[in-house]
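Please read the structure below before turning to the comments.
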Amino acid sequence: MMERIVVKGNNKLRGTVKISSAKNSVLPIIAASILCHERCVIDDVPNLDDVKVMCSVLDSLGVNINMDINKGIIEVKDGSLKTLEPPYELVKKMRASFLVLGPILSKYGKARISMPGGCNIGSRPIDLHLKGFSLLGADINIGHGYVEAECKKLKGNKIYLDFPSVGATENIMMAAVLAEGETVIENAAEEPEIVDLANFLNRMGANILGAGTDTIRIQGVKELKGTIHQPIPDRIEAGTYMVAAAITRSDLIIENVIVEHIRPIIAKLEECGVKVLDVPGGVRVIGTDNPKPVDIKTLPYPGFPTDVQAQFMAYLCTVEGTSIVTETVFENRFMHVTELKRMGANIKIDGRSAVIEGVKKLTGADVRATDLRAGACLILAGLVADGVTTIGDIQHLDRGYVDIVGKMKSIGAEIERV
Ligand SMILES: CC(=O)N[C@H]1[C@@H](OP(=O)(O)OP(=O)(O)OC[C@H]2O[C@@H](n3ccc(=O)[nH]c3=O)[C@H](O)[C@@H]2O)O[C@H](CO)[C@@H](O)[C@@H]1O
Ligand SMILES: C=C(OP(=O)(O)O)C(=O)O
């Protein structure tokens, strides 16, 4: 029998919840650790399936890597590789595995990796990653489901990204740090996780300027050295618990957040009438009994994050009036709508937008976590629905939320994993 999460509705939450380190920072940082031959240590690593998969990818390449889950420490003793080809079985499990291509290529001049597939939120091509490697001088061949890249020595170049892709910016940045000369990435992604990766690389001895803006300049260096790094807090996990406070009309303290990173989420919650107060090391979120509907459009950072779209939609389903949610980052990220409708939500999809009419009460139902954030969205809906909500396919949640059941319980939710 597959595991499920069972949530009893009509919950009020209270207390403090502590946010873990960002999955989307840790994954590229693990990949980056293979760029040097020295010891790298990542502290406060979140206990997540995706993190374990990334460690297995490095392990499969012959890297001497050790993850101590209890202490939350990853130690890469030496980033040297024994093979330049991560196995399909691992790469297909997680798209972020593709981030090893940049580091392998720039350090060894050659790499072969299976094409990451699409997933439940869209087809997710990798053309921009490859465009970047190609401009750095790599020969790219695609065939039989694999990408093969080869070069003598990567050479810096100007790379304009047609869209500020997070993954492409990271992959190209990691390839460029050991290239000859200067690389300039224009229309680069500006996400905080890009800055965190750049900080890690710079601490290893890379020369990167402008991370966090739309133009990143990378001066190639000969080699990198080991370092110790503590990743930034997970702004998406923080956003999820902030919405939990809003949807349950509760008063919660969210600890370990960088307020600057969650501005777009704060702005939208405040527009609804939710109070968000700065407290030391975090925020206090005080829900309102009379929330107002709002319109949301997902955009690259500093716009509203697509990774909080589903969770926010759950909230808007409970807000009287009409809200419109427009998804511009991914082509198909409304899988949660069908599940929310099973819980009595009134949502109509019109192209890239979802039109939401708030209902008085959601009703508990059997639903399915179609992807990671859809899973979080359904837990939030379940917290306030009448009766019991049972969520299946919860393996998606284990990819990206540290002990979501335990954390929710600790703030008063009636939730179990069965
Ligand atoms: C592990 C990780 O950090 N995942 C995050 C990362 O994913 P990821 O790095 O995959 O997201 P991207 O920013 O690359 O993708 C954004 C859009 O660009 C498109 N695209 C991307 C690359 C490319 O070569 N060609 C192309 O067309 C994608 O299909 C998508 O529509 O950023 C997303 C957008 O904030 C987040 O939702 C993910 O949680
Ligand atoms: C879409 C996400 O992750 P990934 O890019 O790894 O699929 C996410 O974290 O919501």
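Just so it is clear, glycine is given a Cβ too, placed from its N, Cα and C backbone atoms.
As given in TrEMBL:
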{"type": "ACT_SITE", "residues": "Cys119", "note": "active site, proton donor"}
{"type": "BINDING", "residues": "Lys23, Asn24", "note": "phosphoenolpyruvate binding site"}
{"type": "BINDING", "residues": "Arg95, Arg124, Pro125, Ile126, Asp127, Leu128, Asp307, Val329", "note": "UDP-N-acetyl-alpha-D-glucosamine binding site"}
{"type": "DOMAIN", "residues": "8-408", "note": "domain 'Enolpyruvate transferase'"}
{"type": "MOD_RES", "residues": "Cys119", "note": "2-(S-cysteinyl)pyruvic acid O-phosphothioketal"}
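Rounded to a whole number, the C-alpha distance linking Asp307 (UDP-N-acetyl-alpha-D-glucosamine binding site) with Asn24 (phosphoenolpyruvate binding site) is 11 angstrom. Arg124, Pro125, Ile126, Leu128, Asp307 are the recorded positions among Cys119, Arg124, Pro125, Ile126, Leu128, Asp307 whose C-beta comes within less than 6 Å of an atom of ligand 1, given in sequence order.
Summary for the binding-site residues Lys23, Arg95, Arg124: the Cβ-based neighbour count within 10 Å is maximal at Lys23. Of all residue pairs in Arg95, Arg124, Pro125, Ile126, Asp127, Leu128, Asp307, Val329, the annotated binders of UDP-N-acetyl-alpha-D-glucosamine, the farthest apart have Cα atoms separated by 22 Å. Using a 10 Å Cα-Cα cut-off from the residue listed as 'active site, proton donor', the binding-site residues that qualify among Asn24, Arg95, Ile126, Leu128 are Arg95. Just so you know, of the recorded positions Cys119, Ile126, Leu128, Val329, the Cβ with the fewest other Cβ atoms around it within 10 Å is the one at Cys119. Annotation note: Arg95 (UDP-N-acetyl-alpha-D-glucosamine binding site) sits in a helical segment as assigned by DSSP.
Straight-line distance linking the Cα atoms of Arg95 (UDP-N-acetyl-alpha-D-glucosamine binding site) and Lys23 (phosphoenolpyruvate binding site), rounded to a whole number, equals 13 Å. The binding-site residues shown are Pro125, Leu128, Val329; of these, the one with its CA atom nearest the CA of Lys23 (phosphoenolpyruvate binding site) is Val329. The distance from the Cα of Leu128 (UDP-N-acetyl-alpha-D-glucosamine binding site) to the Cα of Asn24 (phosphoenolpyruvate binding site) comes to 19 Å.
Checked against ligand 2, the binding-site residues Arg95, Pro125, Leu128, Asp307 give Arg95, Asp307 as the ones with a Cβ under 6 Å from it, listed in sequence order. Between the alpha carbons (Cα) of Pro125 (UDP-N-acetyl-alpha-D-glucosamine binding site) and Asn24 (phosphoenolpyruvate binding site) lies a span of roughly 18 Å. Secondary structure at Lys23 (phosphoenolpyruvate binding site), as computed by DSSP, is helix.
Asn24 (phosphoenolpyruvate binding site) and Ile126 (UDP-N-acetyl-alpha-D-glucosamine binding site) are 17 Å apart (CA-CA, integer value).
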